[in-house]
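Only one structure is covered here, and it is reproduced in the block below.
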Amino acid sequence: MEPPLELPTQRKRVIPSKFGILKRNAEIEAEKNRENLQQSSCFSHINEIGKEIGLEIWKIIDDSTIQKVPKVNHSTFETNKSYLLLMGQFYDGNMNIKTYNIHFWIGELLINSQETINFCNDRIEELERIIKYNQKQFDSEQFYPEPILYREFQGKEGDIFMSYFKSYGGPRYVAPLKLTSASAAIATAAKQYKLFHLKGRRNIRVKQVDISSKSLNSGDVFVLDCEDFIYQWNGSESSRLEKGKGLDLTIRLRDEKSAKAKIIVMDENDTDKDHPEFWKRLGGCKDDVQKAEQGGDDFAYEKKSVEQIKLYQVENLNYEVHLHLIDPIGDVYSTTQLNAEFCYILDCETELYVWLGKASANDQRTVAMANAMDLLHEDNRPSWTPIIKMTQGSENTLFKDKFKKGSWGEYVNDNFEKKPITGKGVAAKAVQEKINVDALHNPEKYQLSKEERKSTIPTLHHVDDKHRGELKIWHVRNRNKFEISQSEFGLFYNQSCYLVLFTLFAADGSNNSILYYWQGRFSSSEDKGAAALLAKDVGKELHRSCIHVRTVQNKEPNHFLEHFQGRMVVFKGSRPNATTEVSLENLSSSLQGLYHVRGTEPINIHSIQVEKAISSLDSNDSFILVNFKNTISYIWVGKYSDEKEAALQISSNVFTGYNFQLIDEGDETSEFWESLETNSSLSLLKDYYTQLRTVEQEKKTRLFQCSNNSGVFKVFEIHDFSQDDLDSDDVMILDNQKQIFVWVGKESSDTEKLMANETALEYIMNAPTHRRDDPIFTIQDGFEPHEFTFNFHAWQVNKTQQDSYKSKLSAILGSNNSGPASPIMLPTSGVTLKPTTAATPKPITTPTVTTPKPITTPTVATLKTVTPAVTLKPTTVTTPSKVATTTNTSTPSPTTITTFYPLSVLKQKTNLPNDIDKSCLHLYLSDEEFLSTFKMTKEIFQKTPAWKTKQLRVDNGLF
């Protein structure tokens, strides 16, 4: 008999919710998409692509193989290959959203290969799909900007592409090696020398050239890589920027060889005997070097030609594609002509932009790219012309610059006239527009765009600083962070970076955090980058809302300063020890110096260490002079200063244990001057800024940057400025409501100098208040007088006088003593490092005049040109700290004059004896009468700034 059938035990069936089913289905679909993408993709590890911030590069080996390039070779490009580049960055300061630029780069040997270009087009679109897929997997509901696509060709790369390789000295082009086997490749690479040519004005390009002495020219820099030795050859007319980038390249080459190669820096003026090995390896001699003209113009070599600009609207109607040419509004296009429902092609002759409206259809986007490719092949356009695709809301600065300023983001759907293409339209050539000085005086009236404002200081108006919270600070060094103790809070170093985390506790128990990553003024690029990355890591560890604020020294917002309650001091140098606590007791010997105090309330009190010199003083501020503990230190209060209480607060909070004496300006003792200035002759001069600067004047002091680097002269204001905003490539205009300064950068062009002077004149003539009698001073980069420098907090005297190439070289030479490897070798015999003739300043041969020379504008001014009678350029310059007059070789000196005359005779100015030089009447006074008249000796008078001596001579009738 069969056993009874056992029924299975019934179980409750769990029915998943509708949302659970949808979620699971979405996960299954995403997994299928990932597998399909992985199987069809030429890229490996697609889940890792774009995960980290920074640059990723792939080399295209053939039509089916793509190889990722290690970071050590990121700046090297083979001229017979093509590359794909992906740059990930944070979007608009938001650490949770990334934006991507995708480039494909074609070497010069493949420029005419249409197959390669088509393959790169496919791969760049594939990379775009991978990025979008990974973004969706991270957060499907989050808005992500569309990746921007670029085409690049060797030697014609855009500014964005070039910016990725500034730290490498620019991209390096390498010719392909003709090898027969792998072993031969290794042997040949070890023996082959390479010669690199560096050229450009702002974006230095590096190109491999023929190894021959005839490849050298006097206007550029060349680097010869011989594996065991790396030679940098500086042409006599090469720029300091080219030499600095050359040094970056040589160090990069050395690091690729594990620091085994030795670097030798040489100049064209060195003889063949100084560097025999260099000429032996290069082949030839010094006589083969070409003139600078043979290398071509730097600006022409680098600058892209921006010619006619046309805007097309793409329409796909009834399977027919139409391109409609849109007329500009006036001379330029406006974003009000862009409709979110359509796609557009912006044709700039040497650039093609494809703009995709957010509401445009997919088929319209496809035909827009296809039509851009068609335009690319018309009119014999250069093969290196890039096609850049971008979506509404993710436009880059280069694209925005093509449209009317102030209109960006004003998208409307109004109808506008569209003209079908019937022929080749010719757009009007771009012309220089007159600078609107009324917009400079009244920026709110014209609603200047963010690009023109160029404000670099972060603002957090929504942060409530009234609540107290928890403060943590880390010091950044060697890519790691080290937490510091509370006793060190508020003490910073200008060569270091810090993370400052402030947590706000609300009454309801919730909390929010603000994370500042503070960058010292002279901190290294490595520490700055590490601070940004470590800030990202700290934000992730918090697991809550966190605002990230990049904070630069001298541009700290009040909500940052308030955390330290009058205890913030910035010292010179770097923090002595990374891992252990820094005690002020242990640092007492290194604290000696002069500290400039600013701030009148706890929320803005701070102090910065400045040069210990009398010239650093300012009657409008207070200073702390710290000496040894067993001696007297001083708190010096200027006669117009409001910072007395702030200086007392910092001295008691920070410099504890020191014996301070409070001194008002005018009551200084001889001991004070001697401890401040070791040079006894300068201590007698007491040369510093003594004029009144009102609070209203401080608030209204404004700085404008004048630049012609885009081909059109532009003027824009820099808000919350500091000394670091002075760009040696441009001309700056400073208005402190009393006078106008035209600051001329060392590398500024003649056009910038001329038009900046014209702009300054128009600016003063069109001021809302009567300012026609205000003087205009023209001063040179590196020779700023006190009247100019007092407008900047903690002016660094030597900063503008430093040569970037020399300072960089000095820094590397200084690291020889502490670093494991020797970056630069200076042989003891036969090889020396000499300055080029280009770096030697030309002697001044103009007559002695005042410096700087004020300009009193006439009642009726010329608005377009500067009349010859108005001399804006000074004929002499003086150093800011230790001023000396510049004399003509024909002008008598006090030691050469033997005949003296009384003051009454010299004041007549007519019927003077024939042996008197009227340009220096004061020198013909006897020593006794000179001292009685000017209250100083002739020797001290000669060392007094020219602007002071002029006024003294005028007051006594001897000018």
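Using the three backbone atoms N, Cα and C, a Cβ is placed for every residue, glycine included.
Note that the structure is a prediction, hence the values are computed from the model and not measured.
Taken straight from Swiss-Prot:
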type   : residues : note
DOMAIN : 895-959  : domain 'HP'
REGION : 1-53     : region 'Tail'
REGION : 54-832   : region 'Core'
REGION : 840-860  : region '2 X 10 AA repeats of T-P-K-P-I-T-T-P-T-V'
REPEAT : 64-116   : repeat 'Gelsolin-like 1'
REPEAT : 204-244  : repeat 'Gelsolin-like 2'
REPEAT : 309-366  : repeat 'Gelsolin-like 3'
REPEAT : 479-529  : repeat 'Gelsolin-like 4'
REPEAT : 603-647  : repeat 'Gelsolin-like 5'
REPEAT : 713-754  : repeat 'Gelsolin-like 6'
REPEAT : 840-849  : repeat '1'
REPEAT : 851-860  : repeat '2'
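Sorting each residue of the repeat 'Gelsolin-like 1' (64-116) by its DSSP state yields 9 helix, 29 strand, 15 coil. Note on the repeat 'Gelsolin-like 1' (64-116): its mean pLDDT in the predicted model is 81. Residues 465, 494, 554, 556, 558-559, 561-562, 564-566, 568-572, 588-589, 591-597, 654-655, 657-666, 668, 671-673, 675-677, 682-683, 685-693, 695, 786, 790, 793-798, 880-882 of the same chain lie 6+ residues outside the repeat 'Gelsolin-like 5' (603-647) yet bring a C-beta within less than 8 angstroms of a C-beta in it. Residues in the repeat 'Gelsolin-like 4' (479-529) partition by DSSP class (helix H, G, I; strand E, B; coil) as 8 helix, 25 strand, 18 coil.
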